[in-house]
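First the structure, in the form of structure tokens, and then the observations on it.
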Amino acid sequence: MNEQQRLASQQANSSTKKEEKDYSKYFESVYQPPSLKDAKKRGKEEVKIERDFGLPEEFRNFGTGRKFYIRTYGCQMNEHDTEVMAGIFTALGYEPTFSTEDADVVLLNTCAIRENAENKVFGELGHLKSLKRRNPDFLIGVCGCMSQEESVVNKIMQKNQHVDMVFGTHNIHRLPYILKDAMFSKETVVEVWSKEGDVIENLPKVRRGDIKAWVNIMYGCDKFCTYCIVPYTRGKERSRRPEDIIQEIRHLAANGYKEITLLGQNVNAYGKDFEDIEYGLGDLMDELRKVDIARIRFTTSHPRDFDDHLIEVLGKGGNLVEHIHLPVQSGSTDMLKIMARKYSREHYLELVRKIKEAIPDAVLTTDIIVGFPNETDEQFEETMSLYREVGFDTAFTFIYSPREGTPAAKMKDNVPMEVKKERLQRLNTLVNTLAIEKNSRYKGQIVEVLVDGESKNNPEVLAGYTRTNKLVNFVASKSLIGQLVKVKITEAKTWSLNGELVEEPIEVK
């Protein structure tokens, strides 16, 4: 997005403003909420790659003596965005804190995927109001996907006037300017771009750990499933250039990271927006096989774009793991059509067959929605039968939650809640049954585990994950944290495995 487009999406009097790329010129408060109607549009505007991000001199030591706190809701993409915002705060001179009471600035990085996530955010805003009363200089910000919704921004402006700033998913690189504006404004500063921005490289990051890292390979989604708000909140599909991704991953490998997760709302669409080269996710994964790093995985996949070349590359193994998260949402072709998933039950099963043929040890997990409008008992049974036929290791299961602004929200929600809950319970029983059955096959096997750290339930126990994303708990020295070890599985549980260390750190080959 260029500056002209940014102003047009935010200010009613945009035609009177200077159409310059120098964002620092604009500090005036903006009070117009975003537009989901505008966010749906997919124009031909060129998305630029900006590689010269830098902090203007005026912001040096801007945050010295101040502390920040970011609370993150939702997906890995939000976690990655938080790492970027933490990097910007640190570059400004702020120090991190793990307490809202100790912070000078609190950001809530929000998720819009379900109503429950939004309720949590508004509940937290209520708690923060007392801190604002005690300290008028205390800054509260709301960012992330919720900020891209008109109804949310309007609710904040009307009922949560103690919030100082609201910004969205497309302009987190403008955080220094938004902070400065919020400090001196007497009203809520709203800077939400309805349309996506450029791809900004070289943004600072404070990564959550030094063992595993998330790397964005693309942004946005053009699939417009009828239930999903993401294409509106994250914008159109924009791919990072492969050389930028490979350089970032090589840098992480050189700094000792063992595992990389490639991120995108739909990673299988990677490269489809390139006009100068034919290059997709399979090509990228083939190049990343040559990088000296132990494991590479990706999320989230869309069955519609999962092509044969990618399957062929994944079958080569090496540092490409055998775990694939492949959301199906429903086992009924009729339901999939209403959801606008653009594939059938048969297409999905054929894709699974190809994956298992190329990767015999592949572990598949999925997402499933129950109680979508018009879902019949027979259609739900199709979902149950597909789950058994594929033999998923586990699934994230949800009761349908209408999201304002999506086509499905206009459909009659005609499945009674008691029916939705009963279906979810039945599905979860099946998920749990297959999960313990799948995990039991690991008993007696020796598996490779990347040690994450101490178990959340017992600090005397170490916890880590296999290549197939199985949680393994075992007793060993804490010096092994961050290392790849061999563990013999002694006990299988529904959601985890217990084992014994049989071999200390192994070399990455």
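Cβ atoms are placed via backbone N, Cα and C, with glycine included.
The [4Fe-4S] cluster 1 binding site annotation in Swiss-Prot covers Cys75, Cys111, Cys145 and rests on sequence analysis. Cys111 ([4Fe-4S] cluster 1 binding site) falls within neither a helix nor a strand when secondary structure is assigned with DSSP, and so counts as coil.
Annotation comment: Swiss-Prot describes Cys221, Cys225, Cys228 as [4Fe-4S] cluster 2 binding site. With a 10 A radius on its CB, Cys228 ([4Fe-4S] cluster 2 binding site) counts 21 other CB atoms from all the protein chains.
For 1-15, the entry in Swiss-Prot reads compositional bias 'Polar residues'.
Here Swiss-Prot flags 16-25 as compositional bias 'Basic and acidic residues'.
Marked as domain 'MTTase N-terminal' by Swiss-Prot: 66-184. Note on the domain 'MTTase N-terminal' (66-184): mean pLDDT across this stretch is 94.
If you look up Swiss-Prot, you'll see 207-437 marked as domain 'Radical SAM core'.
As annotated by Swiss-Prot, domain 'TRAM' applies to 440-503, with the evidence given as sequence analysis. Assigned with DSSP, the residues of the domain 'TRAM' (440-503) fall into helix, strand and coil as follows: 4 helix, 34 strand, 26 coil.
The region 'Disordered' annotation in Swiss-Prot covers 1-25.
Figure note: comparing Cβ neighbours within 10 Å for the binding-site residues Cys75, Cys145, Cys221, the maximum is reached by Cys145. With a cut-off of 8 Å between CB atoms and residues at least 6 apart in sequence, the same chain places Gln329, Met339, Ala340, Arg341 near Cys225 ([4Fe-4S] cluster 2 binding site), listed in sequence order. According to DSSP, the secondary structure content of the domain 'MTTase N-terminal' (66-184) in residues is 63 helix, 23 strand, 33 coil.
In this structure, the C-alpha atom of Cys228 ([4Fe-4S] cluster 2 binding site) lies 12 angstrom from that of Cys111 ([4Fe-4S] cluster 1 binding site).
Each of Tyr73, Gly74, Met77, Asn78, Thr110, Ala112, Ile113, Ala117, Gly144, Val230, Thr233 belongs to the same chain as Cys75, Cys111, Cys145, is absent from that list, and has a C-beta within 8 angstroms of the C-beta centroid marking the [4Fe-4S] cluster 1 site. Taking the C-alpha positions, the distance from Cys145 ([4Fe-4S] cluster 1 binding site) to Cys221 ([4Fe-4S] cluster 2 binding site) comes to 13 Å.
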